[in-house]
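In what follows, a structure is listed as structure tokens, so that the remarks can point back to it.
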Amino acid sequence: MALEIDYVLSHISQEDKIALLAGIDFWHTHPIPELNVPSIRSTDGPNGIRGTKFFAGVPAACLPCGTALASTWDQNLLREVGVLIGKECLAKGAHCWLGPTINMPRSPLGGRGFESFAEDPHLAGAMAASMITGCESTGVISAVKHFVGNDQEHERRAVDVLVTQRALREIYLRPFQIVARDAGPGALMTSYNKINGKHVVESKEMLDMVRQEWKWNPLIMSDWLGTYTTIDSMNAGLDLEMPGPSRYRGRYVESALQARLIKESTIDSRARKVLEFVQQASRAPVSAVETGRDYPEDRALNRNLCANSIVLLKNQNDILPLPKTIKKIALVGSHVRTPAISGGGSASLEPYYTVSLYDAVSEALPHTEILYEVGAYAHKMLPVIDRLLTNAVMHFYNEPVGTERILRATQPMSKTAFQLMDFNAPELNRGLFYATLTGDFTPDVSGVWDFGLTVFGTGLLYVDDELVVDNTTHQTRGTAFFGKGTVQELGSKTLNAGQTYKIRIEYGSANTSPMKAIGVVHFGGGAAHLGACLHVDSAEMVRSAVKAAAEADYTILCTGLNHEWESEGFDRSHMDLPPGIDALITSVLDVAANKTVIVNQSGTPVTMPWADRARGIVQAWYGGNETGHGIADVIFGDVNPSGKLPLSWPVDVKHNPAYLNYASVGGRVLYGEDVYVGYRYYEKVGREVLFPFGHGLSYTTFTVSPDVVFSQEVFRPEEPPTAAVKIKNTGKVAGAQVLQLYISAPHSPTPRPTKELHGFTKVLLQPGEERVAHIRMDKYATNFWDEIEGMWKSEEGIYEALIGTSSQNILAKGTFRVDRTRYWLGL
């Protein structure tokens, strides 16, 4: 029997009606079976569908990270990605996808910058809308997030974002506005932070903007543990508190109702919205059990997506593509055999598979001799034990070790790392429990092995019953596990290759830890990461890498950051590569600069002090399952690179506009750069960047006609004009070029950015082919937020349309006019 909302509301008890307004557990809404109200499942994350388990999860497709997706500048491709996301949700039994993330990476240091799309709100909104449209075409609801201002991780639950109304509207709300207009997703997730003194989840002004001004009526849900009050959040418009069991609704709502602090009509309105969400979501044909769908066509899409996201930053003397006739190639770097497929936090998942660059090069060059050297490790924590681990199992108890214990649950393990935030077992006390992880560790090299144990909770490591690491009483807070974990505590032991040793971790859950922290999210459960590595001689590793590079015909040096450096829960403290990486790159370039290509994997910019010496630099982001294939396809010319930077790439962290106003100080952060975010700032102050917004090279060449032709000379918001230019592929291979339309208001009496992106198109051309490319402006192209009037304003006057292949490479110009000044609100 179908869900009938009016029938449910007329027959439901007050208790059940209030119960609808919060989740029943970590991922599900509250069901009412007797009224045919099913439970709806939500799931992370931004680059793949994890399902209901952080711990021992079902494998999934891992897509490239958000900045990689935006680097394609391809809305049609992102619609396909959205469809794949929707299908993965259906396979995991999930009705609602918690994504995408469209916060603004105002600083390169943001921990979740890799999850977001772009520093430009138009690009971020357009790409997100395409992805959402694809996802919701499968019946799965998208919950776009985080509304609004969750642009840093430091004290994200407590920080007060102080931002002008103009910057809030033009930069931070604009992506949500575009998504509301172009996609209208069924759900919206609020942010953890405050905006100008009020938590967004409690701000009637902010939530009314969505529903009243924008005429968009999604289910509004909290971020996980991002509800802080009963009365204010209910009256502001928050429909659903997540996760469950509820902390601020239930009996507290009943009490507030009796005190007339919440109206009956408000409860009815929130319950109706939840039921509308349930009604829409329950139509999705979800799987009854969580499963995978690792299909060939999905692999092909993921590989194409990865390759098309890659940005060719530098190609001096056309070092790329490399010839496939190479007799000897050196593969150097931490990421050659261990690719960074995603960032950390909500983006984490268990992938179906991972293709390394080593594997991909071996496939592409089957007759080439490969010299492989790590050169320098890039890990922040010692690598988790998996390949050398057998017979691993984890036992759960309510009692600590050394007491009489009753076994409550058992879980086979494939590696020595786990997160237990959503782990449940019958009779296990979620508030306080203990676990013992045992397994057989067989090292492949003799020598001194270093062990590192990081915990959210407490932990002891034993090797053959000898205590090697104690991470219990003297704990120091680190950045792992959403910012709740300790730093890595280290110990060492001499081991023999081929001999099997008994590994044992005695673990206590989160509440056994004495550490406390402000502003971070306490998801509960706990977590641990045990890593191990042969104690290495760093100088000898570099010498071996240099020797390989000197001997080889060409060298690919692949390194960068990973999920330990970029993750939800903390921000980066600097923009540098991990310790020792720059020295490795410099040493290799000293002997092989003319035959070395540098491949960087990171979700946001890193410093490149060696950039002027490198002939080839490739930005490969976090590329998902097909990372190795995508990189190799570009490097050897099977794919002509067409990616464009969605972020400006500063020379130094001190140059970025948020440098003096980043992180929470005294409980607040001042957005002092105002509307001058990213390229808007660098251009306004004349600050040189290493690579500009929109930059990306190709293996072919293009010409663009110098004059922009308009479909109409007068700009009318109700029917914006189209700008057109001719573009020709003048090279020898097929290639795609992204034409970017920037609008400038050079005569405006109001201080404005030099130019702003308001349209783009990606054009694929065969060698010698010429085409007219059309770019449609949107309604917002000439507008800014007038803080006095509290409305959008389009000033009368002459405007410039600038079309180029980056924010700094403008190839065509034209002018148009606005015939009269207009004010407006809404979408």
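Note that Cβ sites are derived from N, Cα and C of the backbone, with glycine treated the same way.
Keep in mind that what you see is a predicted model, and the values were worked out from it rather than measured.
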Record-annotated N-linked glycosylation site (source Swiss-Prot) among candidates Asn471, Asn511: Asn471
Cα-Cα distance linking Asn625 (N-linked glycosylation site) and Asn600 (N-linked glycosylation site), given in Å to the nearest integer: 17
Nearest-integer angstrom distance between the alpha carbons (Cα) of Asn594 (N-linked glycosylation site) and Asn471 (N-linked glycosylation site): 48
Collapsed DSSP category at Asp223 (active site): coil
Conformational class of Asn594 (N-linked glycosylation site) under the three-state DSSP mapping: helix
Overall pLDDT of the domain 'PA14' (387-546), taken as the mean: 94
Sparsest-packed of the listed glycosylation sites (Asn471, Asn600) - C-beta count within 10 angstroms: Asn600
